[in-house]
């Protein structure tokens with residue numbers, strides 16, 4: 001009898017666990033320093049995490065940011081940070097998610113990573129029949145020409161930090177004090193202004209579910225917060 005070669009056994013791709021930490025309302029700088037520390041000290045055994053937060057009012061300038069795009073900040077502080085991109089605004093009513101993911105473990109590149117975040121946002125908005133789209137060369141998500149979500153990321157040793165900001169139900173006036181993402185007269189909008197819910201929890205739940213679906217994650221909420229102390 002002729003021998004029949006056995007088919008190779010292919011292990012199924014299992015969903016990967018990721019802890020979700022809801023930080024509540026926080027100043028920007030302590031969270032930024034904490035995710036830097038997390039990324040600098042992690043290794044191949046460190047689990048992935050998603051940090052969810054609302055920030056007190058702040059403008060952040062990315063590595064490509066130009067001071068001339070900060071038009072009239074007034075009382076709102078401006079921070080130069082180490083993410084990609086230009087200038088943006090964070091404030092109450094905006095959902096910010098920092099995916100701290102090992103792209104090597106997920107077996108995806110940076111371009112796919114960005115596309116997956118954008119798709120998660122687009123699918124989240126579809127939950128409320130809001131039609132959103134991405135733009136070539138201008139990362140983020142747009143509705144009818146107005147930006148509703150911004151992306152600013154950093155990848156170090158194959159691991160991501162920084163992330164996305166999603167305008168849910170916020171005062172959009174501070175965006176008029178800058179050229180958002182470096183674009184003069186770029187319009188911005190929010191989920192609430194487009195007929196979606198005002199509640200942060202409802203939007204948060206859908207977005208986290210969509211991010212888990214895009215990246216193949218099993219989310220594990222935890223009440224433990226990262227160390228948010230600033231270095232002396």
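Each residue, glycine too, has its Cβ placed from N, Cα and C.
Quick look at what Swiss-Prot lists:
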type	residues	note
ACT_SITE	181	active site, acyl-thioester intermediate
BINDING	83, 84, 85, 86, 87, 88, 89, 90, 150, 151, 152, 163, 164, 165	substrate binding site
DOMAIN	44-219	domain 'BPL/LPL catalytic'
SITE	147	site 'Lowers pKa of active site Cys'
PLDDT averaged over the residues of the domain 'BPL/LPL catalytic' (44-219): 95
Between residue 181 (active site, acyl-thioester intermediate) and residue 150 (substrate binding site): CA-CA distance (Å): 8
87, 150, 164, 181 as recorded positions, winner by CB count within 10 A: 87
Spatial neighbours of residue 85 (substrate binding site) that are distant in sequence (at least 6 apart) but have CB under 8 A: 62, 63, 64, 65, 139, 150, 151, 152, 181, 182
For residue 85 (substrate binding site), the three-state class that DSSP assigns: coil
Sequence-distant neighbours of residue 89 (substrate binding site) in its chain (C-beta under 8 A, six or more apart): 57, 58, 59, 76, 174, 175, 177, 178, 180
Separation of alpha carbons, residue 147 (site 'Lowers pKa of active site Cys') and residue 164 (substrate binding site) (Å): 12
Cβ-Cβ neighbours of residue 147 (site 'Lowers pKa of active site Cys') (radius 10 Å): 21
Annotated substrate contacts 83, 84, 85, 86, 87, 88, 89, 90, 150, 151, 152, 163, 164, 165, maximal Cα-Cα distance (Å, integer): 15
